[in-house]
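A.B. asks: Okay, here's the structure, questions in a sec.
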Amino acid sequence: MTKFVFVTGGVVSSLGKGIAAASLAAILESRGLKVTLLKLDPYINVDPGTMSPFQHGEVFVTEDGAETDLDLGHYERFVSAKMRKANNFTTGQIYESVIRKERRGEYLGKTVQVIPHITNEIQAFIERGAKASHDGKADVAIVEIGGTVGDIESLPFLEAARQMSLRLGRNQAAFVHLTLVPFIASAGELKTKPTQHSVQKLREIGVQPTALLCRADRPIPDDERAKISLFANMPQDAVISVWDVDTIYKIPQMLNEQGLDRIICEELRIDAPPADLSMWSRMVHTLENPQHEITIGMVGKYVDLTESYKSLIEALRHAGLHTSTRVNIEYIDSEELESGHTQVLESLDAILVPGGFGKRGTEGKIRAIQYAREKTVPYLGICLGMQLAVIEFARHVAGMQDANSTEFNLETEHPVVALITEWQDRDGRVEKRSADSDLGGTMRLGAQRVPVQTGTKASQIYGAEVNERHRHRYEVNNHYVPQLEKSGMIISARTPSENLPEMMELPGAMHPWFVGVQFHPEFTSTPRDGHPLFKAYVEAALAHRQRQAQRAVA
């Protein structure tokens, strides 16, 4: 029978509940347990697919095509289980499901209320999500409840968790509460009062934390932990200090050294061998002792909020791990390049244009791509980054000066990138779409297997086949592919049924390393295994840096 750990947050949001949950999961997995995770989001949106990155950060895409919270990316990077649609749900999905049942008459004429109908539905979703991994036989399911204690939006989720722990019985559920202990510079001390009030608020709704994770910018002294334990009505060893570190991959060791996994296993009556965190120790050692160093320029329009590119940033770090390289990322606002000032690109060892939507900043990205192509700087384009690479090549190499995407210019003479107008939905029905269709859930989503052309960089990186996740509405227009290929571009991977370009590259005679992919490889990169594409990209950046150094000496 699966046991549950509910992770809640207090005082403020963005304390790192997702990292804490993923780190605990990693420790429990290292003890030989099968672990899965769920994220419960209190917002009324059905999913984050149409939310602004400034509001929500990255949208993480699962293998089965769900647009989910970025915390699911942390989960997949920290544990071996693959997340699915059932591992993330929102208030919007809960209410949608309950209203559908009410319309079908499933409540037999009863008054539909938050308690019990909404809370029962939340519990049903939690139990369904816990069975999404490990063939439904997970030993532990860690359930992260979004928001903070005291938010009106989170109350039904907290109430559902309380009811569920009561229904499951003793030693079947535990609660971990993450809270803030701020340091007041003017007083020169840490203040525990916000944490005391947060735990008090949690206890008011019937939840007593099993363990308390206290976030601060420094380790919390024992006397402050003793004070917190007194007011929180819990043992002092269950008050765990979680201070700021330079890499999130130190967190599992930090929590293990303070006995969090022991406390949880004792509460849940789980008998498991000691944790083996040697892999995490090696990882941290490699991060702290790199043999090489490069700087990659990430050209985008959300560069002021790097959470928008969370999986991509981590994928580059993973590649650094597997090549003993410190990867520095310079975030470049694409709008600032539109005036033609490309001096900021001159010191870079490689250039990357990530995925995105909308016209704003695209001409600046195209200038960066042109610079990378003409100056033979290694280039990786992801999703929109590949589409813009095709547009840049069409304009400046293939002679189509007006080339563009219909996303940016419906009247373009050469629509080398165009809207996907027809595809199958998840039930196998063929759907027609237009620019006026709903935005939510109307993209090519999820993993897809694609054959790779032999003798290409793509085949050197991936072998015979690519299996990556997608999230896009627009595709390279097949009508223009012959003209692009005639000018030198190589389409190195195509979808088997529609024959749509999935990867493009330039031959070695034109550029040492210039690759674009329509999919999102960052979603499948992990610190354990890295990712072959990002590893090849970092190696290309190292080679470019070495060539530049040799030219400087000559």
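Even glycines carry a Cβ here, placed using N, Cα and C.
The feature CTP binding site is assigned by Swiss-Prot to SER13, ASP151, ILE152, GLU153, LYS191, THR192, LYS193, PRO194, THR195, GLN196, LYS227. The annotation ATP binding site is assigned in Swiss-Prot to SER14, LEU15, GLY16, LYS17, GLY18, ILE19, ASP71 on the grounds of sequence analysis. Annotation source Swiss-Prot lists Mg(2+) binding site at ASP71, GLU144. The L-glutamine binding site feature in Swiss-Prot is assigned to GLY356, LEU384, GLY385, MET386, GLN387, GLU407, ARG473. Look at Swiss-Prot and you will find CYS383 tagged as active site, nucleophile, backed by sequence analysis. Feature annotation from Swiss-Prot assigns active site to HIS520, GLU522.
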A.B. asks: Using C-alpha positions only, work out which of the binding-site residues LYS193, THR195, LYS227 is nearest to LEU384 (L-glutamine binding site).
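C.D. replies: That would be THR195, the closest of LYS193, THR195, LYS227 to LEU384 (L-glutamine binding site).
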A.B. asks: Tell me which of the recorded positions GLN387, ARG473, HIS520 ends up closest to SER13 (CTP binding site) in space, Cα to Cα.
C.D. replies: HIS520
A.B. asks: Quick one: of the binding-site residues LYS17, ILE19, ILE152, LYS191, LYS193, which has its CA closest to the CA of the residue listed as 'active site, nucleophile'?
C.D. replies: ILE19
A.B. asks: Could you measure between GLY356 (L-glutamine binding site) and LYS191 (CTP binding site) for me? Cα positions, answer in whole angstrom.
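C.D. replies: Computed Cα spacing between GLY356 (L-glutamine binding site) and LYS191 (CTP binding site) is 41 Å.
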A.B. asks: Hey, how far is GLY16 (ATP binding site) from LYS193 (CTP binding site), Cα to Cα, in Å?
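C.D. replies: The Cα atom of GLY16 (ATP binding site) is 20 Å away from the Cα atom of LYS193 (CTP binding site).
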A.B. asks: Quick one: Cα separation, ILE19 (ATP binding site) versus ILE152 (CTP binding site), in Å?
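C.D. replies: On Cα coordinates alone, these residues lie 24 Å apart.
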A.B. asks: For a quick check of packing: other C-beta atoms within 10 Å of the C-beta of GLU407 (L-glutamine binding site), how many?
C.D. replies: 19
A.B. asks: Which binding-site residues are spatial neighbours of GLY18 (ATP binding site) here, meaning Cα within 10 Å, out of GLU144, ILE152, GLY385, MET386?
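C.D. replies: GLU144, listed in sequence order.
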A.B. asks: Can you give me the residues near the recorded L-glutamine site, meaning same chain, not GLY356, LEU384, GLY385, MET386, GLN387, GLU407, ARG473 themselves, Cβ no more than 8 Å from the center of the site's Cβ atoms?
C.D. replies: GLY355, PHE357, CYS383, LEU388, SER405, VAL417, HIS472, TYR474
A.B. asks: Fewest neighbouring Cβ atoms within 10 Å: which of the recorded positions ILE19, CYS383?
C.D. replies: ILE19
A.B. asks: Can you tell me how far the Cα of THR195 (CTP binding site) sits from the Cα of LYS17 (ATP binding site), in Å?
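C.D. replies: Given the Cα positions, THR195 (CTP binding site) is 15 Å from LYS17 (ATP binding site).
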A.B. asks: Calculate the distance in Å between the alpha carbons (Cα) of ASP71 (ATP binding site) and GLN387 (L-glutamine binding site), and round it to a whole number.
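C.D. replies: One finds 28 Å between the Cα atoms of these residues.
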